[in-house]
Amino acid sequence: MNEDPKVNLSGLPRDCIDAGAPENISAAVPSQGSVAESEPELVVNPWDIVLCSSGTLICCENAVVVLIIFHSPSLRAPMFLLIGSLALADLLAGLGLIINFVFAYLLQSEATKLVTIGLIVASFSASVCSLLAITVDRYLSLYYALTYHSERTVTFTYVMLVMLWGTSICLGLLPVMGWNCLRDESTCSVVRPLTKNNAAILSISFLFMFALMLQLYIQICKIVMRHAHQIALQHHFLATSHYVTTRKGVSTLALILGTFAACWMPFTLYSLIADYTYPSIYTYATLLPATYNSIINPVIYAFRNQEIQKALCLICCGCIPSSLSQRARSPSDV
């Protein structure tokens with residue numbers, strides 16, 4: 001096991017480099033004088049192509065969200081600021097995956113490795129922290145429904161944004177500032193050049209934030225069910241209608257949290273138990289679903305939002321469909 005390759009987010013895994021060595025190529029191509037002495041062909045790891053494709057899709061989706069929020073003055077409420085933060089973080093994460101692919105095959109150096117891994121760590125950290133901030137905002141908007149739209153809430157939102165981006169940037173700077181395994185391979189994690197300790201801190205931090213999000217969503221479910229019951233009593237809804245509305249709201253919350261866990265939990269747990277000696281295919285197989293979370297985020301948090309849908313329609317066709325303008329919010333719209 002000690003000779004298995006490790007994933008290098010800023011360079012080719014060793015198995016791919018070995019596959020492109022001259023002796024391997026000469027076995028497949030007949031020796032013809034100068035051809036046999038030419039440089040080996042560039043061998044591209046299919047996993048890296050998939051990660052780059054995922055990064056491209058992430059950039060396209062989240063760029064649309066960032067442009068909508070930036071272009072629409074009406075989308076300046078705390079909720080939209082946090083959604084914009086999430087979209088910007090995911091946009092940078094997708095850009096980091098693309099840059100990683102370009103640098104890994106065209107411009108390899110220690111500096112590019114550190115800058116690329118720093119960008120990826122900072123952007124994905126900001127993405128996860130933004131998800132936590134959105135969860136906190138949703139909880140506060142329900143728990144303090146009467147005083148939520150106040151100047152105090154806006155100030156609190158800006159404080160959260162400064163803290164989450166400041167923390168994420170600091171985490172991204174750690175490899176650049178010297179906390180990396182470029183000089184000591186034995187300290188490498190499953191993702192080079194991150195150290196094992198660095199990866200462990202990131203994984204434990206994720207588990208802590210996931211536990212906090214789980215607790216907040218449980219409280220949100222309780223509030224949603226209570227609100228749905230009160231609305232049903234006020235409007236004399238049937239018990240079946242109350243049940244359907246509540247179930248829809250709880251199902252939405254379960255889908256949000258379940259998607260987040262399914263995308264990030266495999267890579268988080270694998271980073272805790274594995275090290276650089278493990279086969280790289282396991283790292284790729286757990287890292288790829290984590291990138292899918294940045295693909296799904298715009299669908300869950302942005303494109304499902306009624307106000308963002310209206311802004312998108314105004315930008316694209318200059319009008320708002322009647323189905324959007326007449327739609328009323330329900331307790332399931334969380």
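Using the three backbone atoms N, Cα and C, a Cβ is placed for every residue, glycine included.
As recorded in Swiss-Prot, the features of this protein are as follows:
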CARBOHYD  Asn8  N-linked glycosylation site
CARBOHYD  Asn24  N-linked glycosylation site
LIPID     Cys317  S-palmitoyl cysteine
MOD_RES   Ser330  phosphoserine
MOD_RES   Ser332  phosphoserine
TRANSMEM  49-69  transmembrane segment
TRANSMEM  79-99  transmembrane segment
TRANSMEM  114-134  transmembrane segment
TRANSMEM  159-179  transmembrane segment
TRANSMEM  200-220  transmembrane segment
TRANSMEM  253-273  transmembrane segment
TRANSMEM  283-303  transmembrane segment
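The stretch in closest packing with the transmembrane segment (253-273), judged by the count of Cβ pairs under 8 Å and taken from 49-69, 79-99, 114-134, 200-220, 283-303, is 283-303. Counted over residue pairs 6 or more apart, the CB atoms of the transmembrane segment (49-69) and the transmembrane segment (114-134) come under 8 Å in fewer than three pairs, which marks the two as apart.
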